[in-house]
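First up is the structure itself, then whatever we jot down about it.
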């Protein structure tokens, strides 16, 4: 039996334009297309020079496309069959086979391969199938909409990737640039110090060398005198011996002490590298925020200076708190005027020898009335000192987490906040040239937040020391 009528036409049709092949080419995966159709659909080659097969998505090289002469000859032969007639029997295609979804002639339907199939007159099949087109069109439109959304999402993600990479490269370049500037300045400073030491040591050593050479010359002269005296007659020998030996003893007594030069240069060790890292850490911090305390938020017992950069707890009886929800009525605390909501920020607070305090940030929506529960879930991220020696982080727990006691109690605290990285870090900033990490919260903070300062109760004068905000010119006295 020959192939079913219509199936040959289907097999010789391009899967892209659904028409008979025109200049058919075959890809490496085995699928065939009109050359023009493939060029239109495949688009520009990828980085490796390949295009994707529209049927199976397999990569194929455009230069490997081969003209399919056998297909071309079959198409040419099929084109000679009158349109609407069976390729095998040349009879009109008047019957529709539902089972094979193909038009067939009467001979194929009654005697050929479609005998016994579900068959309909072509006119009836046309009317029935035409009613199904709107539903199929709707399905096609819905599929297009879904794919268009997918395309939009991918295009947006592509833009996001480009922007993320651009920002990453910018941040890397900026930070590494700062590191290079810092290290170049440090290298220059150390080189100048080494040159200074070399110069001073050279002058001192040359001075010592001149003195020693002069003394050595005296010793050699005395050696010659002794040799001359040894050859003298008895009387002259005895007369000169006492003079010569007396002079020799005087010269020996004036012997210059051995040179002792103390060269003061840093020892290049792991500790040196650690010190450089700490100094570089400070150099990479953003510029100091110029914060001021917000008096309207301060507990009634707190006194804020006219400059807004000094706050202390008064030992005088405080008036009752007002009704302003922005004011702390139980916690002896205050926030900064400035709210922070994006980017990087760094500020410093002089705590001096104050034995109790807490610093950090508070969410703008966090309550300020009543007793504060100082944990992140309540909008507070704090580091504090108690009893003058115990640093503690106010983490999500019943009690604050006590940290390892530092070698020395910090007198100045540095706080670094990065919304992009989701980090709030605390540092011992007592050394003007270096920062020592103390603790860090790693989480995405709500926006905005306010710098928070818990001055704590004065404790009958034991904790009366102020908190001072540090500006570019230093802390207020």
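For all residues, glycine too, the Cβ spot is worked out from N, Cα and C.
Per Swiss-Prot, the feature Zn(2+) 1 binding site maps to 14, 17, 34, 37; the stated evidence is similarity to another entry. Other C-beta atoms found within 10 angstroms of the C-beta of residue 17 (Zn(2+) 1 binding site) number 15, with every protein chain shown included. Under the DSSP three-state reduction, residue 17 (Zn(2+) 1 binding site) is assigned to coil, being neither helix nor strand.
Annotation source Swiss-Prot lists zinc finger at 14-57 (among others). Restricting the average to the zinc finger (14-57) gives a pLDDT of 90.
If you look up Swiss-Prot, you'll see 29, 31, 53, 56 marked as Zn(2+) 2 binding site, on the strength of similarity to another entry. Sequence-distant contacts of residue 53 (Zn(2+) 2 binding site), defined as residues of its own chain at least six apart whose C-beta falls under 8 angstroms from its C-beta, comprise 27, 29, 31, 59, 60.
The annotation zinc finger is assigned in Swiss-Prot to 81-122 (among others). Per-class residue totals from DSSP over the zinc finger (81-122), listed helix then strand then coil: 6 helix, 11 strand, 25 coil.
Positions annotated as S-nitrosocysteine by Swiss-Prot: 144. When Cβ atoms from all protein chains are considered, those within 10 Å of residue 144 (S-nitrosocysteine) total 10, not counting its own.
Residue density at residue 255 (phosphoserine): 11 other Cβ atoms are found within 10 A of its Cβ, drawing on all protein chains shown. Here Swiss-Prot flags 255 as phosphoserine.
What Swiss-Prot records for 271-475 is domain 'B30.2/SPRY'.
In sequence order, 20, 21, 22, 24, 32, 33, 34, 37 constitute the residues six or more apart from residue 14 (Zn(2+) 1 binding site) in its chain with CB-CB distances below 8 Å. Note on the zinc finger (14-57): residues 64-68, 71-72, 75, 78-79 of its chain, located 6 or more positions outside it, place their CB under 8 angstroms from a CB of the stretch. Other residues of the chain with a Cβ within 8 Å of the Cβ centroid of 14, 17, 34, 37, the Zn(2+) 1 site, are 15, 16, 18, 19, 21, 22, 33, 36, 38. What surrounds the Zn(2+) 2 site, by Cβ distance within 8 Å of the Cβ centroid and not counting 29, 31, 53, 56, is the set 27, 28, 30, 54, 55, 57, 58, 60 from the same chain.
Within the same chain, residues at least six positions away from residue 56 (Zn(2+) 2 binding site) with a Cβ under 8 Å of its Cβ are 29, 31. Neighbour counts of Cβ atoms within 10 Å were compared across the binding-site residues 29, 34, 37; the minimum falls on 29.
The secondary structure of residue 37 (Zn(2+) 1 binding site), as reduced to three states from DSSP, is helical. Cα spacing between residue 255 (phosphoserine) and residue 144 (S-nitrosocysteine): 104 Å, rounded to the nearest whole number.
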